[in-house]
Amino acid sequence: ASKQSTCGYVCRICTNYTEKAPPLGLPDQFLYDTDSVASRSSGVFSGYDTLDTPPSYDFYSNTEIFGRAKKSRPSLFQLHSNPQDDPSPPPLYEESSVDKQSPDEDEPTEPPPEPARFGWAQGVMIRCMLNIWGVILYLRLPWITAQAGIGLTWIIILVSSSITGITGLSTSAIATNGKVKGGGTYFLISRSLGPELGGSIGLIFAFANAVAVAMHTVGFAETVQALMQERDVSMVDKLNDIRIIGVITVTCLLAISMAGMEWESKAQVLFFFVIMVSFASYIVGTIIPATPEKQAKGFFSYRADIFAENFVPGWRGLEGSFFGMFSIFFPSATGILAGANISGDLKDPNVAIPRGTMLAIFWTTISYLIISATIGSCVLRDASGYINDTVSSLSGECLGVGCNYGWNFTECMTNKTCPFGLSNYYQSMSLVSAFAPLISAGIFGATLSSALACLVSAPKVFQCLCKDKLYPGIGFFGKGYGKNNEPLRSYLLAYIIAICFILIAELNTIAPIISNFFLCSYALINFSCFHASITNSPGWRPTFRFYSKWLSLLGAVVSVIIMFLLTWWAALIAIGIVIFLLGYVLYKKPDVNWGSSMQASSYNMALSQCVGLNQVEDHIKNYRPQCLVLSGPPCMRPSLVDFISTFTKNHSLMICANVITGGPSPGTVDSAKISTHLKWLDKRRIKSFYHTVVADDLHVGVQMLLQSTGLGRMKPNVLVMGFKKNWRKAQPNNIENYIGILHDAFDLQYGACVLRMKEGLDISRTMQAHVDPEELMATSQPTTVFQTRQGKKTIDVYWLSDDGGLTLLLPYLLTRKKRWGRCKVRVFVGGEAQKVEDQKQELKALISRFRLGFQDVQVLPDINGKPQSEHIKRFEDLIAPYRVSSVQKDGQEADETTKDFSWMVSDEEMETFRAKSLRQIRLNEVIQDYSRDAALIIVTMPVGRRGACPSSLYMAWLEIVSRDLRPPVLLVRGNQENVLTMYCQ
């Protein structure tokens, strides 16, 4: 038994009422049905019916849950408006029972398959550790220990890990500042610093990972080829064997990758197990007593004097320096972004990325320190490998620590021909290992796992970049397949790139560039964290607190320094590519908004500069015409907007203003519409603000604009409006409002400009009545006369009254633009016939002191002459409908209705202003004679006293001055304060 609700709606709350009142004393929830909207939302909390709802996850989430409709928060209008004034029904915050009972046939009845997701250990830590460990660990760390000594090697390891650790902290902070999606490094940088830097890094990072696949694969192929060579096995020759093995290997890795992330993750676990077994074999080998064969090659198990000997540096060769060893080792500390690069495949990236990345850095650093210390305590720098090089069998002086253990390697040490030892034998870890083949297996696992990680990272990063459409022609590769949205096309692209570099088989040149690309990423990640912190944006709220903005800045600077320490020319190439891609995105201006720290920084800088202007006093030399343009929707008056933009662009403030009449109503000031107007201005390359106010009428709205528009000293000082062409057909109160706007501008010390064009300004009149401004914006933008070059025409300035110099300043600003640069400015002034030359020279001297460059000055002695009788008759006919012919407005005979009509012109007022009216008529005749072919006519606007000059008479003056003129006419009146100066201070 439902009834009509008092609010005007028939909704689920009211239809669940019963006619019978509930028993007294029952809890509030029994007043309504338990399934009603209010009882399940806000009624429980508030105890009364309301559309308000308690906080809900759905209100802040962009994703939907399968099986139920997404809740939506009521708008302020829905909460605030009177339902009787708005016939639209209120929103339902949950799906209705009808929707539940009758689901759409096209909708799936089962939820989509859940993609494979990984935790912090398998998804990030193991993946990062495998990518950090590489052939350098097995083949170069012992050699670096021999060169730098255990002490400096530890410093090299710790410095490298500190840099990657700082980057890890910055990555963790960025990754926990909101929900992270797929795209890894590119996603983190682009959403933090914006599409410009993010896009450039994303592209080169994806390319670097694709080439890194070839590097690691070639490293594996070279190891296999070396083992084949030891057993005299060969397919073709050394170079082609590497190519064949490399192509076969990368093809197998591609098959694993395309099989899905589950298979790829299982393969990574297998590689991790192989590496751990190789480590165990190595540690066991250091404890087992050395055989004579191993002693001959320099291995003696743990010895204190060997540790002491190897603790200090023993530089050899051209690379024998601290920075030389650092540049060789540092690439082995990279790879910390392998987990972040598959952020879209993690269960909880906000937890997995910080925990997995930092633990991977910690454990790999410990492993490097242990291996460096242990192998430096067990193996000599030089050994001959000959079993007979003992002290007892050789005579003469014995050099080196080997003498203490009965071995004499003096001859090969003196001749520098020792084939074994840490300084000479790269396979020292195989020598120490309990089972040497396990070290080879570890090398295979390290190279293949790194190659596989890069083969997965490159497509994942590139797919996210493709979906953002920052660069042309790459969207094809962004398509995903399967439940994991696998980028199969990107996999094939990365495979082709890897194959190309594998076939080259000479990566010594490209390798430094790749290292620099990775370092670019590290530098920008650190800078992203620093920049987001320093801008103090309220949106920067990472849950990971163990970071420092100054450490992040240090990490960014050090990363750039290391780029040049590794290979300076490669660093220049990497930075050059980043700058090129950055410039492209800046030029294209993609339509994306990610709330980057660059946006926050722009706001901070603008705010700081605007506040700083408060301390800067105004000066004539710094005067700029800052224009408030009554354009309405800018697309409706493109000529007015184009003209003002001509002299304000890149120089001064321009604000396009729109007054919406009729009072506030839903959608009157719609942010989407404002955004559309701004996009129209941006597409037209007009640098302007857009401001909208809602008022009862135009006059009140403009009063609001004149008093409130602007910020601090960044506020308008010139009001610009179009000429009211249809004023004779308009209601008299509209004329009163139009002239009242000019009076208000003068009262508030504004300058005023009125632009008139023969064809009019409002193009909406030429459109069909049903066309909406938004539809007009979607069409091609109309071309106006102010968008074309004016050629060698003239700009004629009729400077009849001194208004402070604004009438002269505007044409000067126009001639500074290319479109008007070839125009000649002619200045016309009134004068007396007897003193024409004197007045001309005097005015030219004044203008020359202003340094405006205007040479053509003409004095018009006949400006005060009597106009032609037919023109006077035309003016009288123009004003006739607004005359009070028989009575005076303030006389005794005036009736009550006539007294209130201030727009009406009495005979007395006609006689009072007769001379001024005749001057305007004569001025139009002079302009017709002199400026018929000008590009633009600028005329000093007459001023009528408020309350003394009727609005209809003032409107007739503006009409008659600019009537029947082909060129655009700009009526200008400054605020009677100087805007030009002849002084330097």
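Glycine residues also receive a Cβ, built from the backbone N, Cα and C atoms like all the rest.
In TrEMBL, the feature transmembrane segment is placed on 151-177, out of the ranges 151-177, 637-663, 745-771. For the transmembrane segment (267-288), the list of distant contacts is 122, 126-127, 129-130, 133, 256, 301-302, 367, 371, 374-375, 377-378, 429, 432-435, 438-439, 441-442, 444-446, 448-449, 452-453: same-chain residues at least six beyond its ends, Cβ to Cβ under 8 Å. Counting only same-chain residues 6+ beyond the ends of the transmembrane segment (197-221), those with a CB under 8 A from a CB of the stretch are 134-135, 183, 185-187, 189-191, 241-243, 245-246, 249-250, 253, 341, 443-444, 447-448, 450-451, 454-455, 457-459, 461-462, 464-465, 468, 470-471, 493-494, 497-502, 505, 507, 510-511, 513-514, 517-518, 520-521, 524, 574, 577-582, 585, 590. Of the Cβ pairs linking the transmembrane segment (151-177) with the transmembrane segment (554-587) and spaced 6 or more residues apart, 3 or more are under 8 Å, so the two regions touch.
In the domain 'SLC12A transporter C-terminal' (637-774), helix, strand and coil residues by DSSP number 57 helix, 28 strand, 53 coil.
Here the transmembrane segment (488-505) has Cβ contacts under 8 Å with residues 206-207, 209-211, 213-215, 217-218, 221, 239, 242-243, 246-247, 250-251, 254, 257-258, 455, 458-460, 462-463, 466, 476-479, 481 of the same chain, all six or more residues outside its ends. Long-range contacts of the transmembrane segment (517-534) within its own chain (CB-CB distance under 8 A, at least 6 residues past either end) are made by residues 163-164, 166-167, 169-171, 173-174, 177, 185, 188-189, 192-193, 197, 201, 204-205, 207-208, 331, 334, 337, 540, 547, 549-550, 552-557, 559-560, 562-563, 566, 574-575, 578, 597-598, 600-601. If you look at the transmembrane segment (322-340), the same-chain residues 6 or more away from its ends with a CB under 8 A from one of its CBs are 123-125, 127-128, 130-134, 136-137, 140-141, 144, 147-148, 152-153, 156-157, 159-161, 163-164, 167-168, 171, 175, 184-185, 188, 346, 349, 352-353, 356-357, 360-361, 364, 368, 450, 453, 457, 515, 518-519, 521-522, 562, 565-567. Only residues 6 or more beyond the boundaries of the transmembrane segment (554-587), in the same chain, are considered here, and those with a CB under 8 A from a CB of the stretch are 163, 166-167, 170, 195-197, 199-201, 203-204, 323, 326-327, 330, 470-471, 512-513, 515-517, 519-520, 522-524, 526-527, 530.
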